[in-house]
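First up is the structure itself, then whatever we jot down about it.
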Ligand code: ATP
Ligand code: MG
């Protein structure tokens with residue numbers, strides 16, 4: 001039996017990193033007053049069709065869509081923002097507060113060719129700041145993305161940023177771009193050729209090298225931006241400079257989803273081969289309206305957790321502190337009193353339950369990551385003490401049970417992390 005292609009089990013040695021990420025981002029986002037939200041993994045297919053945009057890779061070829069027993073078209077969510085927008089509307093979240101700062105963490109599904117850093121079931125951490133068109137919100141979310149990546153020890157990454165303007169500006173730009181690209185029609189990859197008619201801006205996102213080469217001299221969207229769009233974009237750039245967050249303006253950056261306007265950004269690294277984007281985000285001022293909600297200009301991003309883990313340099317290793325060896329099982333109820341004391345001191349322990357002899361259990365203790373070993377044998381039980389062996393240097397001490405708690409509390413710093 002195998003997992004489905006593009007999906008994988010996360011085993012205990014890896015899950016500690018996941019727990020660490022969840023715990024750390026929870027603490028961090030709490031500081032910024034972002035609140036966690038969990039939406040269903042299943043949604044009406046229509047939600048994604050209406051938000052992500054036709055002629056995007058996600059809609060054209062990546063969705064896991066099926067019909068349920070009631071003949072409804074259901075889709076496993078390919079991304080988080082559409083669901084958040086839906087939840088915001090269906091729960092009337094705008095009634096309680098004008099601004100909603102939200103974050104989510106969970107699995108997403110896209111039918112793609114699996115490679116390193118690219119799976120069919122993958123996880124995203126995302127934040128969304130709903131309810132304001134202020135560029136300060138854009139800066140806040142970019143600053144948080146940077147903070148998250150920094151916190152996990154990522155070093156060589158660049159934040160690429162662009163403004164894709166408003167609908168009017170994009171319409172104007174579309175014509176300019178088409179004028180240019182039509183000259184090279186025959187040399188574009190087949191997908192891009194189709195998009196000349198259906199969605200020309202998507203061509204800018206093409207990964208095809210020949211198409212990318214043609215795009216080098218294409219007109220830039222910035223040439224179509226009016227003063228308001230430019231002001232928004234420049235404010236963000238100025239603040240990022242003030243914050244010492246390095247960024248690169250990429251005039252060809254458009255995102256893989258159609259609901260964005262104004263700010264679009266991606267965080268890229270050169271360490272992951274083709275899967276070089278670790279975070280993607282932007283402003284989406286019209287999405288919530290488009291789905292039937294009130295006017296709610298918003299901005300957010302999503303980070304791919306599998307890619308984050310491939311790059312994180314400060315992965316913590318879960319440590320074990322105490323290894324407990326018991327000799328025999330008769331009259332050994334006292335071990336529960338000892339465990340009670342360890343629990344109260346909040347120290348991690350592992351009880352050897354193999355029933356092996358002392359020598360073998362000691363060997364196992366030495367192979368474990370534990371720092372100290374408790375030996376509870378016949379002598380110990382009879383005389384109410386335990387033998388503590390420091391596994392690093394094999395030093396041994398006898399400690400009276402009545403003194404054990406005090407001993408652990410005073411020595412804890414030596415054998416826990
Ligand atoms: P790519 O260009 O790599 O396909 P994308 O533009 O489709 O990325 P987004 O929709 O912006 O990605 O999603 C945000 C982040 O989620 C990505 O930057 C990436 O880290 C992660 N991600 C997206 N698709 C996958 C996938 N199939 N497997 C693993 N991570 C993914
Ligand atoms: Mg993609």
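Every residue gets a Cβ built from N, Cα and C, even glycine.
Just so you know, TrEMBL annotations are computer predictions that nobody has curated.
Database features (TrEMBL):
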- 79, 80, 81, 110, 124, 128, 255, 259, 260: L-histidine binding site (BINDING)
- 1-311: domain 'Aminoacyl-transfer RNA synthetases class-II family profile' (DOMAIN)
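Annotated features taken from TrEMBL, shown on the structure.
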{"residue": "79", "record": "L-histidine binding site", "Cβ neighbours (10 Å)": "21"}
{"residue": "81", "record": "L-histidine binding site", "Cβ neighbours (10 Å)": "25"}
{"residue": "124", "record": "L-histidine binding site", "Cβ neighbours (10 Å)": "22"}
{"residue": "255", "record": "L-histidine binding site", "Cβ neighbours (10 Å)": "23"}
{"residue": "260", "record": "L-histidine binding site", "Cβ neighbours (10 Å)": "25"}
Local backbone state of residue 81 (L-histidine binding site), from DSSP in three classes: helix
Per-region confidence, the domain 'Aminoacyl-transfer RNA synthetases class-II family profile' (1-311) (mean pLDDT, whole number): 95
